[in-house]
Amino acid sequence: MIATPVGTDSQLVIAPMLIVLAAATATLLLGRYPRARAAVSLAGGIAYAAAVAAIDWYIVLAPDAPGIATYQVGGWPAPFGITLVADGLSAFMLTMVAILGVASLVFSTRHLPGGEERSYYFPLFHFLALGVTGAFLTGDLFNLFVWFEVMLMASYVFVAYSGGPEHTRAAFWYVTLNLVGSAVFLLGVGGIYATTGTLNMADLAQRLAEPAAYGLEPAPVVGLFALLLSVFALKAGLVPFQFWIPSAYRAAPPQVTALLAGATKKVGIYAIIRLTFTVFAGAAVGVDLSLPGVTIAGDSPLPFIGAALFIMATASILVGGIGAVGRDSLEGVFAYSSIGQVGFIAMPVAIATTATAPGLRKLAIVAALVYALNHTLAKGLLFLSVGTVRSATGTSRFADLGGLAMRSPPLAISVFVASLALVGIPPLSGFFGKFLVFDAAARARAGPVLVVLLVGSLLTIAYTTRAWNRSFWGAQTDAVETASIDPVQVAVLAVLAATIVAVGVGFEPVYEFAEIAADAAVDTEGYVDAVAPQEASDLIDSSANGGDH
Amino acid sequence: MTAVVLAATIGALFALGTFLLLQRDLIRVVWGLAIISQAANVYLLAMGGIAPAVADSVPILAGHGGGAPQTADPVVQALVLTAIVIGFGMTAFALVLSYRVYEEHGTLDVTELGDRR
């Protein structure tokens, strides 16, 4: 199906989006045939993973791969049309989503919560994946907004999915917050368009690098980017934008929460990395900010962004860790833990923004990506295990659980592996994530950061131990004794646990992939060259056609 | 002049939307969301620039059959169109949700929906 070799302009880029869109439509049409629906859905998921694997190999990893490929939607040249771009960073993110997405789909074919709303489960699942995929692939700022909305719309319905007063309230909160977030996103996008005259990320990077050549006055861009940063932080769940997470994660079905924590959160992180390093890193915009005690000044907006990220990451690690210690249910612990873990991902990003040496910047981005991969695998597994426990015992509260380890050793081993990965025990994937984050912090000579990371790690040990003790050890409760645990679900968990071990043991290729992704993130020049935005005068066609969007 | 009026309008809309968003009644919250998203749309439209108010910038006065002057940036209009559609869908969904909140809780007062834990 795929012609080789792939050029820098390839239809392969749009393939994953088309596949999930087709799967979403097909499952919608098959609403009355549950078996066919599940089969088509699974086939769609596997085809999606195959398309992502093809992007990984033909565009990024193969010896003669171009490293970056674009697809100009509708044949409109950049920056007038929407450009889709697949480079190392996008491919790395897509790979994480594909692994977790397929696991969650297989899991979902075994047990779907709810009654008649089940017929909408799979279409929504694919629309969620579509939004995430689009956000990873788009090279246009407004298009990023649209994909965010696609993703959010599906997740709104999932949060309200199970019905019940609690869930509806959680959904209303979630919707309200994100609608305000969308309005703020529009403000940022509109302002950037008015300031720079473009929405194409490559064109934006080019114009910001030489504002004088384009006759721009780029100073407002820093503030507008801060607006965007707050929206991305809301999606990623960084403190102080974290308060929607616990209730929303508790309300959504666990197999979807796995995806919300593993994939949609990473969209926020991805957007921060992409815009900060690919678009704004080269911006020649002076920042002169003096607060009591701190003065941020320079020719680049990055230190300003870095300072904001440092504060948010530190607060996330502490709030998430402390919050997780006191929860009384499995998903409560894991939801708060997600807040803390995203802090661990944002911290190296913050280090990368302030790093002046290119080597350190790259190392820090690699650390963030490896940590993100570990979080997706481990937290995905843990939320799926909540689904298993809940469908087997009908509860996930610590008060009603105990002795699960004796009831189902394979389930217990999988959860144990994921918990150890969160803590960061070698040779699991989490060890390398944590090691690289600490390494980056140490090389940046950031003492306070090391202290925060250490405290966060200790808190991680505390809450994973507590969750394990309360639900897996001890005497079996009635709910656990009568539980019938689904073997296929446990098999999915075991495969994910094996993946965590495999990533840790065979870390070399994973590290290389992350390194390629980090290179792609900082390679503004390569990005601009691949997208090749044209001047309006190149296209003499009266005025610029507004045929996009 | 137009710019000042537009800026004042956008500011007033955002203020009103924020005020409504902070009310206890859920329907007012939905109104607040709708107004904030409309304010963002007006803002986007304003970002396209404002043509000077002279006869030459009005297409029907500027010339018949010939090239019409460009009065506004078409890109922002395309953006606003997309944003309006998305905002419409979201507002409808928020209204449905608030109805379900009313069905399940028997009240629309945010403070009476029970604690958030």
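First residue shown is number 1, and so on along the chain.
Backbone N, Cα and C define each Cβ position, glycine as well.
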Of A:171-194, A:195-218, the range TrEMBL labels transmembrane segment: A:171-194
Contact call for the transmembrane segment (A:333-353) and the transmembrane segment (A:80-107): at least 3 Cβ pairs under 8 Å, seq gap 6+: no
For the transmembrane segment (A:80-107): best-contacting stretch of A:38-60, A:144-164, A:267-285, A:305-326, A:488-507, by Cβ pairs under 8 Å: A:38-60
Range from A:305-326, A:411-437, A:449-468 with most C-beta pairs under 8 A to the transmembrane segment (A:488-507): A:411-437
Seg_contact(the transmembrane segment (A:449-468), the transmembrane segment (A:12-31)) with at least 3 CB pairs under 8 angstroms, min sep 6: no
Contact between the transmembrane segment (A:305-326) and the transmembrane segment (A:221-246) (3 or more Cβ pairs under 8 Å, separation 6+): yes
For the transmembrane segment (A:221-246), distant same-chain residues with Cβ under 8 A (at least six beyond the ends): 148, 173-174, 177-178, 181-182, 184-185, 187-189, 191-192, 195-196, 208, 264-269, 271-272, 275, 280, 283, 285, 287, 301, 304-305, 308-309, 312-313, 315-316, 319-320, 323, 332, 335-336, 338-339, 342-343, 345-346
